[in-house]
Amino acid sequence: MASSSFMAILTLAFLMLIRTTNAQLSTKFYSSSCPKLFSTVKSTVRSVIQKETRMGASLLRLHFHDCFVNGCDGSLLLDDTSSFTGEKNAVPNKNSARGFNVVDKIKSAVENVCPGVVSCADILAIAARDSVTILGGPSWDVKLGRRDTRTASQAAANNSIPPPTRNLNQLISTFNALGLSTRDLVALSGSHTIGQARCTTFRPRIYNETNLDSSLAKTRQSNCPRTSGSGDNNLAPLDLKSPTSFDNSYFKNLIQKKGLLHSDQQLFNGGSTDSIVRAYSNSYNTFSSDFAKAMIKMGDIKPLTGSKGEIRKNCRKPN
């Protein structure tokens, strides 16, 4: 009898170990531990976007820049210290990634309703979804259960986040390496239907490239001087037609040679993705459906689960 009880306990312990080490993300992860999570995040995101529409694009971008660097683990949110160099000052993020104070505000609101339960990495995933839906885009069931890393890598951020200078083959390779298909690449690039870009990211295109609508080039040149260092942080909308609405205008722009970034126009430049761009430009429903699926896939990139990592109390520093 004692022997069978011992075996039962051993089996249970083994099963719990498997569950801990191979934990999976779930859409219902916090259903009992933090039932007010979704409403808390959404109300905070909505209030912020009502004050500044651009913040929706910024929050979406934070999730993207987090997931592309060693997985969706909240590494981007860690501040530099005298003994630690994080990702905020990596080339793709410095003077560019924004909304960290908003993440702090969301985290504080969540901590008020369920302290020590929800990770910063999961907050990024939820805030990205809510930003898209509030700006008129699709919704999707966010998979949760990520934990926060205690480390970050500026070098990995410099190497992993694709810059706007990439050509189509480079973009496809970068996304494929993370388990994202070419179709995912085009769909996720559609996030540029909202938000703004800095002059420094599109200056080479508006002065040097020919596959660009001449009137758009002239308009952008008026606010982005040719000389490097002059007006670097001047902003322009990524989507000329409807920069504050999550729609499919971005793809219609590409067909008209009105992609603002070099990497944008690469998606419609006589290559293998032209047909996907056309399909999305013709059907918002096709784009929004594929975008939602791609966001779920992106959120699955190397999450920390089970007993790995931690649940940060402050998104800016390890516990």
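Here the Cβ of each residue, glycine as well, is placed from N, Cα and C on the backbone.
Annotation in TrEMBL places CYS315 in a disulphide bond whose other cysteine, of CYS114, CYS120, CYS199, is CYS120. CYS224 is paired in TrEMBL with CYS199, the candidate among CYS114, CYS199 named as its disulfide partner. Geometry remark: ASP73 (Ca(2+) 1 binding site) versus HIS65 (active site, proton acceptor), CA distance 11 Å. Scoring each of the binding-site residues (ASP66, GLU87, ASP239, ASP247) by how many neighbouring Cβ atoms lie within 10 Å, the top position goes to ASP66.
If you measure from the Cα atom of HIS65 (active site, proton acceptor) to that of THR193 (Ca(2+) 2 binding site), you get 17 Å.
Neighbours of the Ca(2+) 2 site: apart from THR193, ASP239, ASP247, residues of the same chain with C-beta atoms within 8 angstroms of the site's C-beta centroid are GLY190, HIS192, ILE194, LYS241, SER242, PRO243, SER245, PHE246, ASN248, SER249, TYR250.
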